[in-house]
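Asker: The following block contains the structure, expressed as structure tokens.
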Amino acid sequence: MAEEKPNAPARAQYAIRRSPSPHPSGVHQVTEFQDPGYTIVGNHLTQHRSLSGLAIGLAAYIQSLPEGAPVDIRTLAKRFPEGRGRIAAALRELEAYGYLERVRRRTDDGRMVTLTLSYNNPAATRARRARESAEEAKRRTAVTPAPVASAPVTPGPAAPPPVAPGSVAPTRASRTPPPTPPPTPPPIPPPPPAPAPAPASSHGRTDPPHARPEPPPPPPEPRTRAQHAPAAALLANLRYEDPRLLLSVRDVHRLTPAVAAWLERGASPEAVRNALTAGLPATLRHPAALLTHRLSELLPPPLPAASPTATTRARPAPLQTCDGCERAFRASTPGRCRDCRHPAAAECLPTGPG
């Protein structure tokens with residue numbers, strides 16, 4: 001048992017095999033098997049030339065989170081050592097390059113909440129949406145094809161008259177048609193008779209002839225497909241708000257004039273979308289019938305005509321999300337709201353001794 005056997009197989013070597021590298025310096029990748037908890041991040045994000053390192057790190061962290069995890073500035077500031085200001089600036093970088101999108105939505109109880117959409121490949125998402133929009137437009141045009149003009153039917157040559165029995169069939173030379181006589185000019189119609197003079201009145205004046213009735217005004221031109229395109233697109237995109245609002249092509253064509261009437265009366269597309277999707281019942285069997293009822297019953301009144309002396313009002317500043325408390329406020333540039341600016345200024349004041 002203690003005798004050595006040189007012909008015994010050697011034990012397997014589990015050391016890491018190192019491949020020769022032509023570069024003595026720089027980075028060398030040492031890869032190990034990952035546990036089930038890992039995230040795939042594209043090089044278009046990790047090697048982005050315009051994003052800061054903090055923005056790239058925040059994007060990778062947000063992509064690794066589960067659905068519904070809070071990613072507001074206050075939560076991220078508790079997780080990372082950077083302050084709220086730097087985290088807010090990094091989130092704005094990700095929004096500018098399409099990796100993040102913050103949407104303000106109204107819940108059923110009337111509260112405004114912020115929904116954050118994280119895109120792991122924004123370029124591919126934009127290409128897919130453009131391709132789906134093109135396919136949807138192609139399907140709409142295929143349902144209503146343009147009328148094709150039929151080619152005029154030219155009459156064929158007349159059949160030769162039947163040959164009477166006992167008569168000789170005409171030869172090929174005799175089958176040539178006789179010369180066509182020149183066309184006679186159409187007769188010139190006589191000029192219309194001059195109107196008889198109006199009878200003179202007792203005062204020596206002639207009565208004016210009866211005025212010709214004015215033609216009726218032309219009917220209003222029907223709306224073109226381009227004028228109805230925003231309304232049709234709004235109806236087709238309702239499926240993204242609620243999958244149950246997936247409408248057929250026929251329902252979209254039928255409801256498009258009603259949505260166009262809302263837009264003509266000054267309603268914004270967001271207002272129309274909220275009116276159609278807010279407070280949907282738990283069981284929705286006929287979405288087209290529900291949308292028809294809401295479009296007819298909730299139709300807003302037309303805007304009053306603006307008086308010529310009315311002064312133009314300045315447009316309000318856009319809504320911004322506060323970098324400190326995540327509340328919405330109106331300002332021309334992003335930053336902090338009024339309540340968050342004063343405590344920040346108080347913290348920056350130097351404190352005296354004692």
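Glycine is treated like the rest: Cβ placed from N, Cα and C.
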Asker: Could you tell me which of the ranges 1-27, 28-54 is annotated in TrEMBL as region 'Disordered'?
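Answerer: Here TrEMBL associates region 'Disordered' with the stretch 1-27.
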Asker: By DSSP, how many residues in the compositional bias 'Basic and acidic residues' (130-139) are helix, how many strand, and how many coil?
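Answerer: Taking the compositional bias 'Basic and acidic residues' (130-139) as a whole: 10 helix, 0 strand, 0 coil.
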